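As C-alpha cells, the structure follows; a few thoughts come after it.
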Amino acid sequence: MSVITKKNEPVRVCVTGAAGQLAYSLLLNLARGVVFGEDTPVILQLLDINPGMESLNGVRMELEDSALPLLAGVVCTSDPEVAFTGAQAAIFLGAMPRRPGMERSDLLKANAKIFREQGEAMNRVASPDIKCVVVGNPANTNALILSKYAPRVPKENITALTRLDANRARNQIALRAGVSVDRTLDVLIWGNHSATQYPDVSHATIVCAETGARRPVSEVITDTEWLHGEFIETVQQRGAAILAARKLSSAMSAAKAVADHMRDWWMGSEREGELVSMAVPSDGSYGIAEGLIFSFPVRCPGGGKYEIVQGLEISDFSRGKLQKTEAELISERDEALACVAADSA
Ligand code: NAD
Ligand code: LMR
C-alpha cells in the first residue's frame with residue numbers, strides 16, 4: 001500500500017511582507033493544509049523588500065526543514081512581478097508602519113504608493129481570479145487602492161482582514177458568559193479595522209452545550225451597559241493593548257485570523273450558515289457608500305465565494321456606530337486617492 005496520498009494541483013500563494021513577524025506565524029499554516037485543504041499543495045511566493053532578503057532566505061530554509069508534504073515550492077523575491085506571477089491567492093502583510101512623529105496623511109501616502117505598485121504588478125501577472133486579503137494597515141484603505149490599480153481582478157476578490165477583531169469579540173463574550181469560545185456564534189464586526197470598528201452582538205447567540213439550542217447573547221449577558229460600553233471599547237483597543245504590552249503588534253492571533261478568513265472563503269465556513277466578518281467592497285448594503293472596503297457580516301459557502309448577509313435589523317444604536325466608522329473610511333479613502341492622484345500628476 002502506498003503511503004503517498006493523491007494530491008490536487010498546487011495553489012500559488014503570494015505573501016507580501018513575508019520576512020516580518022506576522023508571516024513567521026502564518027506560513028507554516030499555509031503549507032499544512034489548514035487553509036487550502038489537506039490534499040492541496042501550495043507554492044509559496046514570498047515578497048519582501050531588499051533589506052529583508054537575507055532574513056527571508058532564513059524563513060525559506062526553515063520552511064524546507066519543516067519537511068511539509070504539501071509544500072511544493074518556495075520562491076523568495078523582492079520583485080512584485082515574480083511574486084504575483086500566476087498567484088491564485090495573495091496575503092498582503094507588507095506595509096509601511098507608522099513611525100513616531102509621522103502624520104496620518106504621510107502613512108496613507110506611503111501605503112498608497114506600495115499598494116498601487118503591487119496592484120499594478122498583480123494586474124499584469126496574477127491569475128485573474130486571485131483571492132486577496134489585505135492585512136497591512138490601514139488595511140481597508142490599502143485594499144481599496146490595490147483594487148483601483150488591479151482592474152482585471154474582480155472587485156469582490158479584494159478583501160481586508162477584520163476576522164481578528166471578530167475573534168477578539170467572541171473571546172470577550174465567551175469570557176463574560178463563562179462558555180468556551182466555540183459556543184459563541186455570529187458575533188460581528190462592522191466597518192474599519194481601527195478604533196471606530198463596531199463589534200456587534202445584536203445577532204449573536206450562545207449555544208447550549210447540552211441541547212445545541214441557541215440563546216441571544218443579550219439574554220445570557222443582561223448587562224447592556226457592559227455590552228454597549230466596555231465590551232466594544234475593549235475590542236476596539238485590543239490591537240493597541242497588545243502593541244503596548246509586546247512592543248510589537250499582534251502576530252500569532254493575527255496569523256490565526258488570516259488563516260480563518262482565507263479558509264472560510266476558499267473552502268467554506270466550519271459551521272454551515274455561520275455569519276463571519278470580512279471587509280469587502282460595499283455594494284450599498286445597509287446604506288454603506290458603495291465601493292468602500294467595509295466589514296460586513298458574510299456567509300462563506302465554499303468554492304471561493306462569499307455573500308453579504310442581507311436583512312439584519314439595525315437598531316438606532318447600531319446605525320450611529322455604522323455611520324461613524326463609515327465616515328472614517330470615507331475620509332481615509334479621499335485622502336489616499338488624493339495622494340495617488342498627486343503622485344501621478
Ligand atoms: P513587520 O514589520 O514585522 O513586517 C512587515 C514586513 O513587510 C517587513 O518584513 C517589511 O520589510 C515588509 N515590507 C515593507 N514594505 C514592503 C513592500 N513594499 N513590499 C513587500 N514587503 C514590504 O510587521 P508585522 O507585525 O508582520 O505586521 C504586518 C502588517 O500587518 C502591519 O501593517 C500591521 O500593522 C498589520 N496588522 C494588521 C492586523 C489586522 O488585523 N488587520 C493585525 C496585525 C497586524
Ligand atoms: C491589531 O489589530 O493588532 C493591529 O492592527 C495593530 C497594528 O497597528 O498593527
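Just so it is clear, glycine is given a Cβ too, placed from its N, Cα and C backbone atoms.
The annotation active site, proton acceptor is assigned in TrEMBL to HIS193. Taking the Cβ of HIS193 (active site, proton acceptor) as reference, residues of its chain lying under 8 Å away and at least six apart in sequence are, in sequence order, ASN137, PRO138, ALA139, ASN140, ALA160, LEU161, THR162, LEU164, ASP165, ALA279, SER295.
According to TrEMBL, the NAD(+) binding site annotation covers ASP48, ASN111, VAL135, GLY136, ASN137. Its Cβ taken as reference, GLY136 (NAD(+) binding site) is surrounded by 24 other Cβ atoms within 10 Å in the chains shown.
The substrate binding site annotation in TrEMBL covers ARG98, ARG104, ASN137, ARG168. For ARG98 (substrate binding site), the count of additional Cβ atoms within 10 Å of its Cβ stands at 15 [all protein chains shown]. In this structure, ARG98 (substrate binding site) belongs to neither helix nor strand by DSSP; it is coil.
Residues or ranges marked as domain 'Lactate/malate dehydrogenase N-terminal' by TrEMBL: 11-158.
Residues or ranges marked as domain 'Lactate/malate dehydrogenase C-terminal' by TrEMBL: 162-338.
Farthest C-alpha pair in the NAD(+)-binding residues ASP48, ASN111, VAL135, GLY136, ASN137: 16 Å apart.
Neighbour counts of Cβ atoms within 10 Å were compared for the binding-site residues ASN111, ASN137, and the top value is held by ASN111. The domain 'Lactate/malate dehydrogenase N-terminal' (11-158): residue composition by secondary structure is 66 helix, 28 strand, 54 coil, according to DSSP. For ARG168 (substrate binding site), the nearest of the binding-site residues by C-alpha distance turns out to be VAL135; the candidates were ASP48, ASN111, VAL135, GLY136. Listed in sequence order, the binding-site residues among ARG98, ASN111, ASN137 whose CB lies under 6 angstroms from an atom of ligand 2 come out as ASN137. Across the structure, VAL135 (NAD(+) binding site) and ARG98 (substrate binding site) are spaced 15 Å apart at their Cα atoms. Scoring each of the binding-site residues (ARG104, ARG168) by how many neighbouring Cβ atoms lie within 10 Å, the top position goes to ARG168.
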